4 protein chains.
Amino acid sequence: MKKLFYILFLLVLVPKSGFAQGSKIDQLLFSTLIESKAYIDKGKVADYIPELSKANKNLVGVALVDSLGNLHTKGDTKSKFTMQSISKVIALMLAVEERGEKYVFERMGYYGTDKPFNSFEALEYRHKPLNPMMNAGAIVTTALIKGKDDEAYKKILERVRYITKNEDININEAVYQSEKETGNRNRGMFYLLKNFGLFDAENEESLNNYFRQCSIEVNAEDLAKIGYFFAHNGTRFDGDKTFYNPEISKLIKSIMLTAGMYDYSGEYSSKIGIPSKSGVGGGIMASVPGKIGIGTFNPSLDEQGNSVPGLYIMEKLSKELNLSIF
Amino acid sequence: MKKLFYILFLLVLVPKSGFAQGSKIDQLLFSTLIESKAYIDKGKVADYIPELSKANKNLVGVALVDSLGNLHTKGDTKSKFTMQSISKVIALMLAVEERGEKYVFERMGYYGTDKPFNSFEALEYRHKPLNPMMNAGAIVTTALIKGKDDEAYKKILERVRYITKNEDININEAVYQSEKETGNRNRGMFYLLKNFGLFDAENEESLNNYFRQCSIEVNAEDLAKIGYFFAHNGTRFDGDKTFYNPEISKLIKSIMLTAGMYDYSGEYSSKIGIPSKSGVGGGIMASVPGKIGIGTFNPSLDEQGNSVPGLYIMEKLSKELNLSIF
Amino acid sequence: MKKLFYILFLLVLVPKSGFAQGSKIDQLLFSTLIESKAYIDKGKVADYIPELSKANKNLVGVALVDSLGNLHTKGDTKSKFTMQSISKVIALMLAVEERGEKYVFERMGYYGTDKPFNSFEALEYRHKPLNPMMNAGAIVTTALIKGKDDEAYKKILERVRYITKNEDININEAVYQSEKETGNRNRGMFYLLKNFGLFDAENEESLNNYFRQCSIEVNAEDLAKIGYFFAHNGTRFDGDKTFYNPEISKLIKSIMLTAGMYDYSGEYSSKIGIPSKSGVGGGIMASVPGKIGIGTFNPSLDEQGNSVPGLYIMEKLSKELNLSIF
Amino acid sequence: MKKLFYILFLLVLVPKSGFAQGSKIDQLLFSTLIESKAYIDKGKVADYIPELSKANKNLVGVALVDSLGNLHTKGDTKSKFTMQSISKVIALMLAVEERGEKYVFERMGYYGTDKPFNSFEALEYRHKPLNPMMNAGAIVTTALIKGKDDEAYKKILERVRYITKNEDININEAVYQSEKETGNRNRGMFYLLKNFGLFDAENEESLNNYFRQCSIEVNAEDLAKIGYFFAHNGTRFDGDKTFYNPEISKLIKSIMLTAGMYDYSGEYSSKIGIPSKSGVGGGIMASVPGKIGIGTFNPSLDEQGNSVPGLYIMEKLSKELNLSIF
């Protein structure tokens, strides 16, 4: 019924409103956005970090940076939300830049998995994380970025600002404090990882940097630009090539495909086929190699921690624009 | 020293011999083949199935079907070996054709994993296999193909013959008997899977079909043609589209990327980035979406069960021809 | 309410009926039996083997062989049921007699566990069963008893008949056929165990012997006699010492304490403190070292597979007669 | 050779020296002590906590409190060492006294296991420790003892002093600091356990109390008195019954049998059959129900963390004095 209503709304009202005017891609983004709203009630807002539970479930936004670097947006693409796991991609980039791929991946695996993002099971038998997209792995990559106190975090923030050319991006202090206070599972993993000698860290500042990077606030447009950046091997949407690096970019896209959507990654790879990374703040950042970047936002999550409307948008765009890499 | 010898051989002798004359791609295949031989001694021939241990470690072959469907070959590309796990791809194709993706994947996952190909751990807590590329998953897909006695196997054989247009392809009876006699781990999994109600199977014939499909003998050229077939969504190298099916083809390439190279899949995806499937008979079948198919053969395996020279060839070709999908 | 009814029944009717006349121990057995019936509805009859589901939930019996070898019984102590896991104790005895403790325990562990009786998880990482009281372990002990075809089973049957001095004990053919037909989980473990080289077995007859021993029909009195036999280090209730063996008897009592009540063993050890073995046929066989043997029967099982009224009876007797070994 | 030397020493020199004069039990203790020294080189001193590695491998002591409360000692029974895991028994006692068995065991299991003492695997799938003798479980029991800052630790210390009537017992500050500094694995578990809501703890003082209790220094005589205390259900060796409590004592002895010797517990139970608890400081505390207490000391440990000479002594005494509870 609800779906029917949206389709009617789309057919009847939209042409009159004039919102969907413009290019074919804008029309597709708009119709997909409208349709995706039917999925809002199929998920729920993350509540394991108290601050996250305050998110507005009804906000939906989709942004796309096309192959020429032009931005297309529909819906709530200016609404801010915290990066959460999407920040893991940036931390991985910096760790590999500073330490080299070999050094980093001696301290974690390249594995896909059926385990949830916060699993610590592998630490018992493997003594290192399965991959850099799970919490355990990202705690290590952040700890491998050089610098005292909050320097690693600042590097991550700077890189996000660079890629998005958005100097307004900043930390959400309330979320950071909330993550820190309730982050005992991550804290537990931090000490286990330290015990296995995966990094030197004098105190919990390194863990705090992980909490901080997760609390960086972006919007869907920023995510689309990040997606574009990796799609074009480190070329910014405006053509700047300061951090151009095909090797690291390919590595990151590969890891995103294998493990970027948590334990849904394998199925997502089959159904959608685009290297993507989601965060429990509600964002999905997708990177179509050599082509476009996509950012979606809606905080209604499924059990794996992925936005349900976000997944719908990604699947629709993948099919309509033939974006699967397979 | 050995490597140096090969390079000298390449520089001095080859031009005179005239072998490497021809297109750029033929030259690349030839030099890569020669270089790969330096890796023969870094692996060892599979011995857990007695018949496999008889393989000749020194045979190396590489075949490539280019985007126009033309075959390029160097080395021992006519040498026969058994498909082993590569047959899992064909079994998956048939199972999905006959039962639908939903039905098949209600009985197994899409997961990547850090577990070896013969792991049964997931059956304990998940009551189904992690993916169709592990033995457990492939036993299920084969059992889901309809037909009595050895009909499922015959369908697989027919499909392999069709894709390769090679009616000479047949079972290696000695390997089949050897697999059957020593296959108690697979037999154990077969009964556990049956216990979890994943398939109906009156007797062990369904398991025997799995052993049979593993024992189908192909050569590197056949593998290149299979790779081409999936690269072009089910179009045969001669353009025949009898089994054209983009959905199943994308599914298969995605699953190969996630899990085709056993627990090395994640790292292979980062380093090489081509949907591929290897077998302990020594073959690697690779499928570059929309482009080419590659087949390699050499039975000297690393600990994960992948051919060491085969991996070298794939990495070299991926870099030189820019084949990574990322 | 129900409980109150039983107590009233006990206080008002029983003295008139004269059933509870006799020794203090007989009175205790009787009152405990009556009280235990209040727990019948807290469990349910095993249904994973179709034949077992036919058991009558309302039958309850308790038998005790006192330190002088005298039998005391109350309730349905003549009702037959299959030994199921209780037979594992006899198989262990015979395997150790024939092969020695060292040989047997090189092929399995002495471990307690939180895993259910039919778990095969340990086979993956340990390549042997955790202990001889889990299905996997018992399949091995049975396979280690020498003899062709059904000889191992016949030895087990003979030993049960000897210990109980009851030549009427025999197999329940319907249960055996049912176990065999539906025993794919055990069959799967059998082949995995065989794969790990834990025993030689030409065919499935060895597994069938396991199914056969589980299908031996006994009653609560027989169990009490078995309990007495191990309590007195291999002395039969009538004083016969043909199989007197303190070492094996201590081993068996120890293993029963550690693992005899499945994953409830640890808690049972704390609450009741008597080496015991239960079976999903509804029996519990208990052995108080140097003192008495107890047998209970009622097929209403809890989630771990132990009879709920049986557990009540054991706890009551342990407290009233101060039977805990701790 | 070495063993032969000891036996000669025993036969020839000892009678002259007069050391072994006295009761039969003293003679047994003495000969056992001498024999046990042959096993010193079969183990090695714990080194995962730097301070522990300073222990003198050649010190061996055995103490026994007989059923009348009389102390018998041979060897280095005045040598001090830290309690380590043996303190877990006292923490369990206090936690159950203050919170009740039900409350405590809703937060951990009664399970035996094949996992090492520092395993955290069960926390992933069970969200609580397997038993109170593993590190994870003991961190919880200590955290459940009421009191701020180091009060829980002080209660444990007081109880140890009470049971042993030894006011000289105190913490080894160097070991405590060493445990605290290198205890990241335990620290990791502490935060995971806190995350699962198993206890309230404002800061790491609760974990520090765990480190403190492990660092309490005792000698073999103290351990024998602790063993006696639990053997007699909370009666001190001098007859004092301030903490008499059969229920808790039986619980503790049962848990020691199931899990007191780490993953060797099952085999120890079969071979020796006495509720015992060992510590990586080199101590073993054993409690023969209703009879005697034994304490042994020697810091040469096997892979499970048990003293090799200590195990020899326990096995010899169990056999010679018929102490097995089975």
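The backbone N, Cα and C atoms fix where each Cβ goes, and this holds for glycine too.
Any TrEMBL annotation is an automated prediction that lacks curation.
Every protein chain considered, the tally of other Cβ atoms within 10 Å of the Cβ of C:S85 (substrate binding site) stands at 25. C:S85 (substrate binding site) falls within a helix when secondary structure is assigned with DSSP. TrEMBL lists C:S85, C:N135, C:E179, C:N186, C:Y210, C:Y262, C:V280 with the feature substrate binding site.
Positions annotated as signal peptide by TrEMBL: C:1-20.
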Other C-beta atoms that fall within 10 angstroms of the C-beta of C:N186 (substrate binding site): 23
Sparsest-packed of the listed binding-site residues (C:Y210, C:Y262) - C-beta count within 10 angstroms: C:Y262
DSSP state at C:Y262 (substrate binding site), helix/strand/coil: helix
Close in space, distant in sequence - C:E179 (substrate binding site), Cβ under 8 Å, 6 or more apart: C:I49, C:E51, C:N186, C:F211, C:C214, C:S215
In the chain carrying C:V280 (substrate binding site), residues 6 or more apart in sequence that have Cβ under 8 angstroms from it: C:A46, C:I49, C:L52, C:Q84, C:S85, C:L301, C:G305
Spatial neighbours of C:N135 (substrate binding site) that are distant in sequence (at least 6 apart) but have CB under 8 A: C:S85, C:F117, C:N118, C:R185, C:N186, C:M189
Diameter of the substrate binding set by C-alpha atoms, the set being C:S85, C:N135, C:E179, C:N186, C:Y210, C:Y262, C:V280, in angstrom: 19
